[in-house]
Amino acid sequence: MGVMKRYMQFVKPYKKQIFVTVLIGIVKFSIPLALPLLLKYVVDDIIQGGGTASDKTTSLFTIMAIMFALFLILRPPVEYYRQYFAQWTASKVLYDIRAKLFDHIQKLSLRFYANTRTGEVISRVINDVEQTKDFVITGLMNIWLDMLTILIVISIMLTLDVKLTLISIVLFPLYGISVKYFYGRLRKLTRERSQALAQVQGHLHERIQGMPVIRSFAIEDHEQAQFNEKNGHFLDKAIRHTNWNAKTFAVVNTITDLAPLIVIACAGYFVINGPLTVGTMVAFVGYIDRMYNPVRRLINSSTTLTQSIASMDRVFEFIDEPYELTDKPNAIKADQIRGGVEFQNVSFQYEKDKENILHDVSLKVNRGETVALVGMSGGGKSTLVSLIPRFYDVTSGRLLIDGTDIRDYEARSLRNQVGMVLQDTFLFSETIRENIAIGKPDATLEEIIEAAKAANAHEFIMSFPEGYETRVGERGVKLSGGQKQRISIARVFLKNPPLLILDEATSALDLESEHYIQEAMDKLAKDRTTFVVAHRLSTITHADKIVVMENGTIIEIGTHDELMDYESQYKHLFTIQNLN
């Protein structure tokens, strides 16, 4: 019941629309309830009543004309508005939930995404949220209408014959027993099926992104076997769910089909041996159908609601994923950052109870300085710079910006003061203009063009027929590595932050692209505090400080000339690269 109560918080803003939908539904379901009474009247009062054949025919066509008019005038608009309001309300609720989830997604730590498959996150936001739609339409609307229909039908039947009415509802307790027995396990099976589907989606999403690797290594058969294993696991869970669901329907529908047989037998006996009229018997059989159809729908609704609640469990399990990084209640805005950065005895680990990646790192960087971080792969360079925009909090020690611990700043305002150009540039499948504007969403086209020119990107952008409106494809697949990198640099020019991080931004590029990008980065770094993670040491000889890292610690600090004056690790690396 806890998840249903939480779900109702999303439904609450639309309670008026739900109330109107239920009222319209009452009218919709009430209209057909007149048909058995009409049938009784036709049988008892017209067909078996007194009068000539002509009088009976006139009475029959008169009453039928009235009923035709009633159905033609009322039924279409009632049916339309009930369906429209029900679907509109459910869609709005799902819109709000997905908006909440996306807001939540943007606040989760990078550690969460490192440990969670993208496809599984997508499954929660799309599939599981969609499954909860039935709770709104079925649980909050149809169930009440079906229950009200049953009560109205029983009330009408009681006016016709009390004894036969009691016989009609004698099987009701069996429904309650069936629901209690079947639906507890059904919720568990539904949850397992949803989890298996999320695994398939996660696997599929990853393989689609890695299709060039699959093709280049010719491992299609291996990957097909891997997918078949995941898909087979989902199939197994789906069949187990279907098997249990089928048992539920078998029992429920058998009970539903027995009820009319019992009523027909008893009603026939009462007509033969008692005062019950043929018309009343016919009406009763008609009402049995109108009573047990809602009962059947209620049981089916239990299945639907069980599946919806299982999906709610997964949705709220995701919403309850804690934030690793939260702002202090009195956090200050980082609007006036000057650019001084200091690491004070900083240690860091990605996972608790795991070995530290950084060990007691201390480093002071003055405003406007360019600091290069060099060393062998795995030394902790990228980890160190990832602490500056507070993607992670330090495990111990302090990281200060302008003398203030970064945990005292609002994280979002702090990140707004940091520009990053990474080796693996991510572009969205939108236009070049929109991708550059990520640096400043409200930027004018003129500002975007100026940023592109500064990044040496304007010329190649204008070589495309659609210029800045060229769509770059998923992850920028239509652009070369150098072109994507220049778009990334243009973003930072547009953002114009006081702090800059360049993480291996020129690695794996051809010489021409590297020349354009290095020139753009030199312009970008001017008058900014800049951290450069580099493997090509020839690109950072101008740095104010060169920091050599090894196994998560700083082993050397100095300028290029200072470090080349003795047998330093830096000199060793620089000499090897120049020899190559």
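Here the Cβ of each residue, glycine as well, is placed from N, Cα and C on the backbone.
Since the structure is predicted, the reported quantities are computational estimates derived from the model, not experimental observations.
According to the topological domain annotation in Swiss-Prot, T52 and V162 sit on the same side of the membrane. Checking the ranges 84-103, 244-263 against Swiss-Prot, the transmembrane segment annotation falls on 244-263. In terms of C-beta pairs under 8 Å, the stretch of 58-78, 136-156, 269-288 lying closest in packing to the transmembrane segment (18-38) is 136-156.
Taking the centre of the Cβ atoms of G375, M376, S377, G378, G379, G380, K381, S382 as the ATP site, the nearby residues of that chain (Cβ within 8 Å, site residues left out) are M549, E550. With helix defined as DSSP H, G or I and strand as E or B, the topological domain 'Cytoplasmic' (1-17) counts 16 helix, 0 strand, 1 coil.
Burial estimate for the binding-site residues (S377, S382): highest at S382, by number of other CB atoms within 10 Å. The average pLDDT computed over the topological domain 'Cytoplasmic' (1-17) stands at 84.
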